[in-house]
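First the structure, in the form of structure tokens, and then the observations on it.
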């Protein structure tokens, strides 16, 4: 990528804050995230974060178990992202890193209501922007919410940090040993091949706004590495 990166948006899963032992929000993992956000900010890069809520509740997965409807399940998932966002915001503040916690749902006692204008201003002031509650509507995932925020905030790059794969493959590498990883792939090919690394709506939004997406392993690599090292993960862009 030849364009200088000045503003990025990270999409991380709620799972990245939890441990296999059952800690919903693990102190070590939270501290790591804060340190990495500081490192990116120290590179004079404006940083936004969209975080999932799967460490607390997985709306779709638990919809049938809890006998609740899809809308309620998705709304519960949105609230889970707010819980994670509050934890990250407090951890950043404890480390003297200025931030703005926003929500697409109105809950003024907990977070500022998300608006593109106020959020862009916070980024320009050097604050880490934390965007919670996804797109703010049921039936839309946090991937789509992240793509929406990236478009509204005119991010130079959307980075999806995953816990299970280190990029985009032609098929699931966890199931197929002969899966082939792409170093670079076009938006259109991701869509035409039905590669499920992100929602089709998220890919389409970024394609329309010409925002490249880098998919990388948050287990193997840091946030800073994902921005600057073009050999990490997979870049989804206009031309492969």
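The backbone N, Cα and C atoms fix where each Cβ goes, glycine too.
Summarising the annotation, Swiss-Prot assigns ATP binding site to 11, 12, 13, 14, 54, 58, 162, 169, 172 and lists sequence analysis as the type of evidence. Within the same chain, residues at least six positions away from residue 54 (ATP binding site) with a Cβ under 8 Å of its Cβ are 13, 14, 15, 77, 80. Following the DSSP three-state reduction, the secondary structure of residue 54 (ATP binding site) is coil.
The UMP binding site feature in Swiss-Prot is assigned to 53, 74, 135, 136, 137, 138, 139, 140, 141, 142. Counted within 10 Å of its Cβ, the other Cβ atoms near residue 137 (UMP binding site) come to 15, all protein chains included.
Neighbour count (other Cβ atoms within 10 Å of the Cβ, all protein chains): 19 for residue 141 (UMP binding site).
The Cβ of residue 53 (UMP binding site) lies under 8 Å from the Cβ of 14, 77, 78, 79, 80, 81, 82, 83, 84, 142, each of which sits 6+ residues away along the same chain.
The Cβ centroid of 53, 74, 135, 136, 137, 138, 139, 140, 141, 142 marks the UMP site; residues of that chain outside this set whose Cβ lies within 8 Å of it are 77, 78, 133, 134, 144, 145, given in sequence order.
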